Every structure is written in C-alpha cells, then in structure tokens.
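Take a look at the structure below.
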Amino acid sequence: MVTGDVHAWANVGDVRRRPTIVEACRGAHIASLAGGYGHTAVVPADGAEPFSTTMPAVRALAGAGALRELAFGKEHVLALTAEGEVLTFGKGGWGQLGHASMSDAPEPRLVRKLADRRVARVAAGALHSLALAESGDVYSWGRGFEGQLGHGDGLDEAVLSPRCIAGLRAAGRVVAISAGSMHSAALGADGRVWAWGDGTSGQLGVGKLLTKAPRPLLVPNLPPCTALSCGYMHTAVAAGVDGAWCWGLGTHGQLGREAAEPNRRFALSPSRVGGALADAHVVAIECAGGSTTALDADGRVHVWGDGDAAPSQIAALAGAGRFGAIASSGKGTLGLVQTSLSHTAPTCAPLAGGSKIRVFGWGFYDRRAPDGVSSIVVRFARAAQTGGAGVDGAGAGGSGGDDGGGGGPTLCSDVPGWIEAPRPNATAADGVSSEQRNALRCVEAIVPALGALEGVVDVSVSFDGGDSFTPAPLALHAVAQPHLVAVDPPLVPVGGGSGGGALLLADAPIFNAAEVVARLTPHAAPRDDAPDGAPGDAADARSRGSANALELLNPADDALSTRAQPRWRRTGDMLLRATYDEPSGGFFIDLSEVPAPLVGSISLALDGVTFTDSSCELTVYAPPVVTRLAPASGPLSGGTVMSVFVETYVRTTTAAVRLSTLVGAREGGAAVNGAPPPPGTTGGAPAAAAEAAAARAPPLAAPAVESAPAGADAGVDDAQLEAGAEPLALTLAARMGEDGERPGGGVLTFTVPPNALGETPAVFAIAVSLNGVDFTPVAPGAARFFAHGELAVSALQPSFGPPTGGTTVRVSGGPFFETSEARAKVHAGASMRVVPAVYERASRALEFVTPPWDAAEHGGVSDPIVEVSLNGADWTIWCTHFTFVQWELLALEPPNALPGAALKLRGANFAAAAGAPAEVRVRFQVTLADGEQIVEKIVGGTYDSADGADGAVLVEAPLFDGLPGAVARVTLALNGVDYAPGARDFKFDEPKGSKKK
C-alpha cells in the first residue's frame, strides 16, 4: 500500500507527450495500477472504490473490501482482494467469469472454485482468464479454442470454472502471469518464460508460426527475466540488466525495431530492444495493442510502438519523479510515482532555528482533520555527535552536544508543516526545473533549534499525522552563522570591475551552501528634495533579476561626495548572487548588476533567508574620469609630488596610480598632450603598441578623456626622447582627497619614488584606481606625464636689473621644453618670490619677468638666487644669482657735440655692469617741432670700469639726419633692457659751414 502521484497519458500520437496528474487519486492508498482493452484503473488498497475514467462499472467494487489487483478482458473484469479472493463481473458467454456458467454478471461475484486457494495474481485475455495462486499453481478458464487455457486435452473450447494448468508444474514455481488476446504466458521463479495459445503471429516466441499451442512451451534464447506482459498479438519481457525483449506482431513498431522478420510483419523469436533502451536496466514492462512501455531501474518510462519503433522517453515526465509502477491499455497508460522526497530548499539552516524550510517531493497530500488541522508533520533528526567538526570540514563546530556520545538520536524534533503549490516563477534557487513544476509539490515548515554542533540533520515528512514518515530522509546541513570580517576589495567600480565582484570573508571558512545569497543595504538616506527636471531625475537604476532594488534619482551626481549627497528612493535591499571560493573559504559576490554608485553594508544568508548579524562595508563607485594632472612633468630622479584630479571623490585608502611608458614622443605627428611640434621637427613613432603593452591590468569601461587634461600640455621635443626606451609600468599607492576647487571632485596625490622612472626621458600614461585593482584604461587622450632629465641654469641674460622689477630675463641651461607649468623662483633663504616662466622656442630657453624686490624685506639681500622649474614643484639643482640694483644717470660729457662724437655717461651704481654679459644700451630721443612726434635712436655702449669709482659708459653720439642742432633726451639701460630713471639733455652741434635758411 502506497500513496503517490498517478500520471496518465495516451499511447497514440503526440498526445502521449502531454501527461497529466490524476488529482482525484492524490492521497489515496494505492494497491496497484491496472490496464487492458482500452481501460485503465487505479486500484485502492483501503476498500475505496477504484478510480477509472473509462470503466465506471468498477465502482461496483467499492463494497468488496480492500483490493490488490484488477484485470480487464474485452468485456469482463477480474478483481483480486487483499485476502486472495477473486471477484469477476461482466460478460460471461465463454465462461470467462468462472462461475460455472456462461451467464453474464453485472455485479461482482466471488469465483467459488478459487475460494479455498489464496490467489496472488490475476490476468485477463479477450475472452479468457488466469489466476496465479500463492502456491505457484496457475488456473485458467473461459474460451480455449486457440489453446490459450493451456490444458492440452481437447477440452479447451470453453472452460466454465478455474482449472489448474498441469503442464506448468514442470516449470517449477510460477511468479507472474499475463494474458494476450488469445495467448497466455507465465514467468518461473528461475527466470524462464513459458507461452501457449495462438501463435499465428509468432507471439509464442518459439521460432515458428503455430496455429495453436494447447500446452505451455518454453520460450528459448532468453536471459533470466523478471517481468512479462502479453499484448494483443505480441509478447515482451523485462530482463533486468539484459534489457527488454520482444516478439510477435510488429506492424506498429511495438517490438522496438523498424522491421520484424524480413518480408514479414512479425518476429518468431525474442530479440533485444535496442536504441535508447540498449543499455537500460529494465525492471517492468507493459504491452498494449500496438505499443509497449518499459520502466527502468532509475524510474524512467520508455515507450515505443503505435507508429514509432524507436524507444524514447516522454520529455514531459522528466521532472515527474521516480516511477515505480506502470499499467497500459490500447488507449492509454498510467504511471505511479510513490510519495517521496526530492530535495530541500535551502539545503542548510542555522543552528538556532527559526528559518523556513521548503521540502520538495512528489505525491504530497494533506488529510486535514474535521477541525482543519493539517496532517503533515516534518521531522528533524540526527544521531549522536562526539566532535566539533564543521559541516563538510567548512566552519568550526561548537562545543558540547545534546546528549554526548552514545547511540540514539541527539535530536528528534517534529514540527507542523503545510503544503504550498510550486510557484509559477520557481527558480533554480528552489532547485525546481521547468519540467518539475507541474508534478513537484512543496511542504513548508519552521526549522526548530538544531542543537549546538554543526552537522547533517535528516529531514523526513509524514502525511498521516506522524504515524509513518517518508522512508528516505533528506540531508539538511545545520550550520553556525559566519562572522563576516572583510570584503576584498572594499571598493568596486560600477559593473563589478575586472573581477566582476568582490570576496566576502569570515573569521573561519564558510560552509558552501547552494542557496547562499548576499544582501547589499545602502547607507544613503532617502531624499525627496531633488529639483524637478534635474539631470537623471527619473532614471531607473533598479538591479536586474531582483525583486528588491534601489532607485537612484540622480545617477549623474557624485553618490559618495560629502558635498553632494545622493538622492535615493528605498525600494528594498539588493540581493546579489554569491559563489563559493574554495581557496579563501569565502564567497565571491557578483556585483556586475549593481546599477549605480553607492555605499552600503553587505551581509550573507547561507540559507538564502537568514542573514548574518555581521556585515562589511562596500563602496560601489563610478569609474573615475581624470580631468587634469598637476604637474605634467618631472625629473627622472623622482621626488615629484603629483596630483591627479578626477571627477568624483570617493573615500578610500586603497587608491593607486599606474605610470606606463609610451615609447616615442609623438602620436601621428602631433606632440603628446596636444602641444604643437617645434618648428623643423617631425613626429616620432606611434605609441599605440607601447600603450597596449603598458596596460597590464584589465581596463574599466570608463569614458575616455576626449582631450588632454588642463595642465598636461608638455610639448616635448623629439631630441629630448631617445629611441628604444624600455617599456615600464609602475604602480604606486596614492592618497585620495577632495578637490577644494571643484565641489564633488577628488584628487589623488602621490610621490614619484627616487630613480624609478628609468634613465631615459619618456612620456608616461597615467591610469588611476580607487581600489588598487581596477585601473582606468590607457587610451589615446588619457593623462600624460613627461619624465625629463635634470635641469640646470647656466646663465641669466641680463643678470641684474632694477628692484622695481619688470626685467625680462632669459634663462640658459635646460633641457627645457614648452609647458604652462614652468616657474622661476627668486629667493634669499626662506624669503622668495615665484613667477611664471615661458619657453622661448627659438632659443630653447626660459624667460621670466623679475618681480619687485625690496632688499630690506629680504634680509638685506640684493643678489638673490634664481632657480627654475618646469612643473612648478621640482627646481633646478644648479642655479645662479640675479642682482637687483638701481642705477641712475647723473652726468653727460660733453653736453653738446657733433654726431659721431665720443660721449661719456656718469652716474650712480654703474659698477653693477662690471663683468655682466649684457650689452649696455643708450637711448636718444628727439622731440620734433610739433611736440608730438619723437624720433628715437638706441646705440650700444661700453662700460669702462677704470673711469672713476663707479666707472663710466662710453658711447658715440648718433646721427639724426635733417635735425641739425636738435636736443635729445638721453636715458641709460645699463643691463640692456631696463632704462633707469633720470635723463640728461644732449645738444647736437651744427657742422661748420652750415647755414640756417
């Protein structure tokens, strides 16, 4: 007596691919299934009426007590009771009812001839009947013209009462019988098969056609068999590991092969069924009129015939469970899946209990009491444990136990359960496939406390209030909740980064649970003050594949900045996929579908429901976009403190910067960073190949910088880059801070280590990472840094000037190049002035304008040191002095003279020109008669240090054509650039002999 799911399907055409569950039999105590001559029935074991949609007359057996079997003839029925009695009813014109007459019996009647013999099996042919006694004797009655009764004495035309087949006693003990239309067969305990009756289609399997075989004949050439069945005009047996064998009529493919005997419609001898059944272990077999159905040891159903000779499985039964019995007729087949368990979801539960478990299986039912109380009980039990080993070696167990050591269960808790139908959207997390949803049922229960030790708990279910439980329990892992300690990396870019996610780690290895899920809970508080029409106001940032999500109202904003708080609308936590990582003993959390930046806490539920009390903070950030680099150059020797500015500030301690060498100064003939190439130069080799080689880490899918960042405009001469520079990729830790000039922006600061950039000037691409793992791509347009050789100042021209400042000074030395970051520093100890410097392309020198310099404010120093820098941070090692001095023209000798005369200029502080390479300049300015126009001539002078204490400047009076007798205003630029205050008049004498008109 069993319970279970009864599946029904038709044998003909495509309909057989759409089986259905007979809901009317759910929860019924089933003794067996019956089929034959177009009829099928479910035989109850508890005295209830049999269920049949094709023969309502079987309901008449409801008062016959508990039944064991039914057998259908063409127009009569045999019923075998649990006490071994045989009842028959229906047509009796050939004596097939066994009532010693040919009368019909509309109501079931006892076959009295068998009343004193306990019957084990019954079978029905078209017009004859068989019974197998527990003693092993076989009885037959009804029509016998074709020899189907097996008595062999010429009295087989019609036998009205059961008669023992004496010819079978030589076969030994018979264990199974079957009846075809006009033939019969029996299976001996030794596995041999005997057949008799009509053999006109080879259905007796003796190698020849027989019109009639009135006595049982041994079927040769068969392996030991375990089951047999007779169809209309064919026979089949199950031979265990030797598969299935068929013989007889094969016109419909019911023999499992394309053709029977050559040029015939039938097979005279048994042959093994091949195809998909060739290697199957067959345990049961059923013949119908033109089809055959077999059951293998794994509970799978195989069918062939009715036009298709190739054995195949019914796809729709793939998830229906393990079949234990089948019964077939000419029109349809029944299959029984015994009440059994499939799996639990989840497969683990916390030791503390309180979580919900779902137990899946087949044949579930609920016999509710009149008061509505469910009959379902779920039992949790496990044997004694003496150690503290974790589940499957994962996780540390607790100490102590429920009982201690000895036999008997340390846990046996029964809790009420209830049935839940499978959800239409059942997922793999439930372990439910699409094929199983129609058949699989679910019992839910609340897990009790499971003791102190991790281990395996057996779960079984009772559907009768606890009187009996399912025989094969399921394993449930009782686990302690892990204590989470870290997520690695703690920052991950949107999209999951190069690894697609992060590792979640505990203080001990975590149990590898199949249903584990991670939960990401944002820290951002909801805000509803987003202005209407703000960028991204209605953006849908829900995570795909999760019923729980977050919606970011302003994804364009910096979701992590302390200045620009994100606007989140909470719609629930985000559930994420988790995969066990054996090397670390943790779980890899898939972050590829987190849609927008956020800061939150991540926790874990091993059972998919009960989340850990502990959690770890995780930041999901937008891939950084570099906006500018300062400085854009620095010495190869290192020491440069660099700042990389990015669009978004993220709080992190794992930021890093990678410098990758670009071999060649130019890309496509244009200077790196967008500066035009110097005159007379040509572009170097393209750097694309070097860029690719330098990109050691997988890039993020971040938008590329479309133009060179501000400040990164070093125009590097080809001559400053040597061919064959070795590729280099240098990764450095960086400190993340907020950009004080751009709200929401960030800046990564790091120092170039000493002597780490090689020995050859080179251009480096800058990539940044906020988690030390995922770097921005090295792509055209990315930030560039030029590492140059050591700078030196060899000379200043001029080397002195007035303290009022404004002197344009050219700095010789270098090597210099064009950059907007160049600076000059004029300093005396800690007192200094820094001014911009400009690269002069023609001379490849730097120029700067001196600042005002009051020596009293600078410690009395009037000749401060001058240093230059190409990045405003790293200054030249070799330097020189610039002297601030104010000279003044006091006298001009003579005050008048002819053009070309030698003049001597005297004044104060002329000694500053001593030894200076600058050329002295003297300016003569003549104002014309209209008082507005000025004619000017500048001539070079020579400083004579031997003439007086301050020396003198010697100059030759210029010639002003057409202006004889003119008076010129004379000023002096002692350094050749700055004309000092103070001037003297000089009158040009008229040559002798000239006359005024």
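Cβ coordinates are placed from backbone N, Cα and C, and glycine is handled just like the others.
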* TrEMBL lists region 'Disordered' for one of the ranges 132-154, 247-269, 523-545; which is that range? -> 523-545
* the repeat 'RCC1' (136-190) - residue tally per DSSP class, helix then strand then coil -> 6 helix, 25 strand, 24 coil
* Asked: Residue counts in helix (H, G, I), strand (E, B) and coil for the repeat 'RCC1' (84-135), per DSSP?
  -> 3 helix, 23 strand, 26 coil
* Helix-strand-coil residue split for the repeat 'RCC1' (242-298), DSSP-based -> 3 helix, 25 strand, 29 coil
* Check the repeat 'RCC1' (191-241) for me and report the mean pLDDT. => 96
